């Protein structure tokens, strides 16, 4: 059965998106990403080195023809900053599918939703396909979609915390109301967290720190790949209805 993740008319067979930061070196980055099976990788614009061809860059290790680069605006604190960064990325790198991150403060890195919404409106109006990092607030998620977002990326917990999904109910509401893909972003710490997100009906999961900072990143990347697949299959299969009584696996007929 074909079950592709579709974002802005692009089809991907993997529902796992991975980040490229926090690894020990580029070699480890490549090995982990290959093990994850991901086709989309998020990159901070400073890591793709779009202005200095002499300096070592991620593109030297991860072929942009093989992977879809999803440039993000990490550590932007205003809509204007984010828009300027992505305009430069499109001009030099040709990237049109982008991830918008506009932080409100530096300790917990929660998104500034007012500035995020502003950035989405501007970028969508300029022809970008925008995937915004956002709070798990159903109302704001709907407004982002109505403003032109091609996918919604609510956090599970603060970026890099590994705390897992803190508000599963809100995620389910966001999934139910959305007509664009919902991709859980930030806070996924374990493969079981990824399974929970996918079983809840989310369309994908973005993971970076829990792979990069695992004791064995390549093994964790493989685990996350299988977790996302298992959760998706479980969601499509449809879980049994829970009940408040026991039900034996075999009946008692024919027992002497």
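Cβ atoms are placed via backbone N, Cα and C, with glycine included.
Feature annotation from Swiss-Prot assigns active site, schiff-base intermediate with DXP to 99. Residue 99 (active site, schiff-base intermediate with DXP) counts 26 other C-beta atoms within 10 Å of its own C-beta, drawing on all protein chains shown. According to DSSP, residue 99 (active site, schiff-base intermediate with DXP) sits within a strand segment.
According to Swiss-Prot, the feature 1-deoxy-D-xylulose 5-phosphate binding site maps to 160, 186, 187, 208, 209, an assignment based on sequence analysis. All protein chains included, residue 187 (1-deoxy-D-xylulose 5-phosphate binding site) registers 24 other Cβ atoms within 10 Å of its own Cβ. Following the DSSP three-state reduction, the secondary structure of residue 187 (1-deoxy-D-xylulose 5-phosphate binding site) is coil.
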Check: Quick one, of the binding-site residues 208, 209, which Cβ has the fewest other Cβ within 10 Å?
Finding: 209
Check: Non-local Cβ contacts of residue 160 (1-deoxy-D-xylulose 5-phosphate binding site) (under 8 Å, 6 or more apart, same chain)?
Finding: 22, 109, 186, 208, 209
Next item on the list: Tally every other Cβ atom lying within 10 Å of the Cβ atom of residue 186 (1-deoxy-D-xylulose 5-phosphate binding site).
Entry: 27
